[in-house]
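Colleague: Structure provided below as structure tokens; questions to follow.
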Amino acid sequence: MDRINKTFVNEFILLGLSGYPKLEIIFFAVILVMYLVILIGNSVLIIAGIFDSRLHTPMYFFLGNLSFLDICYTASSVPSTLVSLISKKRNISFSGCAVQMFLGFAMGSTECLLLGMMAFDRYVAICNPLRYPVIMSRVVCVLMASVSWLSGGINSIVQTSLAMRLPFCGNNIINHFLCEILAVLKLACADISLNIVTLALSNMAFLVLPLLVIFFSYMLILYTILRMNSATGRRKAFSTCSAHLTVVIIFYGTIFFMYAKPKSQDLLGQDNLQAREGLVSMFYGVVTPMLNPIIYSLRNKDVKAAVKYLLNQKSVNQLRPK
């Protein structure tokens, strides 16, 4: 077994959409455009948050973290996907697969926590506005963001270590674009009960608990808004929450579809689901990070004003004589 294991774990083959060559060209063009939008849109949000004093608030601090996370997540997965689509190079080393799995899981876990932190921030801002500067101080925000990143990283180390220690002595073909943990677990020729249990616990901690924070935060926000006498105040409160709520619905709707239920058994042998899983994977991995800056830019006057100001400053600098 040791000899076979050493022979077959040197690399994996990522199928992606190899059975659909016409779709590969379409996917390459679409994903490339989306990736450029992700890099530009999230970079603009980060730069605006740094240089515009109007965005030096807890909400935009967390938004900057979210934008940086989206850039890191897509940078760890999209370039390799584009290469495999255009060059047909589908092999990935064992260590490369482990790194890709770690980064993907870490970014996903961290994003869940950050969305929960952002919901709590909106709750304090609307339900306790007088205490907001004290509760959501700079130190508290940095601490909350640090906990999110650190927890996501630790969770990913645990899940990746447990997955990559398994023996892979049979098929090394991963029916996915990436080294996604559930797709890799299919290939293990050992008992994966421990992996399923830890994944379930991870789902509870990083999916369910932040979602509960989001749910109860918005229930209290809704209760507070409905008690407001001013229609203008209600509209303003709703507008500050609408962008975050839209992102939460898109993110959690997709991630629950992919990870919420254990798939150790019902994934086996279902190659006919390849195209559908590819589409869902692309939606979660590319479309969601692309929509985040678009949603926050369209739904938020402060962000639009900050981006417009930065563009105007750039134009002025270009027109100045050298």
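All residue numbers here begin at 1 and follow the chain in the order shown.
A Cβ is built for glycine as well, from the same backbone N, Cα and C atoms used for every other residue.
Okay, so TrEMBL annotates it like this:
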DOMAIN    41-296  domain 'G-protein coupled receptors family 1 profile'
TRANSMEM  25-51  transmembrane segment
TRANSMEM  63-86  transmembrane segment
TRANSMEM  98-120  transmembrane segment
TRANSMEM  132-152  transmembrane segment
TRANSMEM  173-198  transmembrane segment
TRANSMEM  204-226  transmembrane segment
TRANSMEM  238-259  transmembrane segment
TRANSMEM  279-298  transmembrane segment
Colleague: Could you check if the transmembrane segment (173-198) is in contact with the transmembrane segment (98-120), meaning 3+ Cβ pairs under 8 Å among residue pairs at least 6 apart in sequence?
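Modeller: Since 3 or more Cβ pairs under 8 Å link them, the transmembrane segment (173-198) and the transmembrane segment (98-120) do come into contact.
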Colleague: For the transmembrane segment (204-226), what are the same-chain contacts with Cβ under 8 Å, counting residues 6+ beyond its ends?
Modeller: 108-109, 112-113, 115-116, 119-120, 122-123, 126-127, 151-152, 155, 234, 237-238, 241, 245, 248, 252, 255-256, 259-260
Colleague: Of the listed stretches 25-51, 63-86, 238-259, which one has the most C-beta pairs under 8 A with the transmembrane segment (98-120)?
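Modeller: By Cβ pairs under 8 Å, 63-86 leads among 25-51, 63-86, 238-259.
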Colleague: Averaged across the domain 'G-protein coupled receptors family 1 profile' (41-296), what pLDDT does the model get? Just tell me the whole number, please.
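Modeller: Across the residues of the domain 'G-protein coupled receptors family 1 profile' (41-296) the model's pLDDT averages 85 on the 0 to 100 scale.
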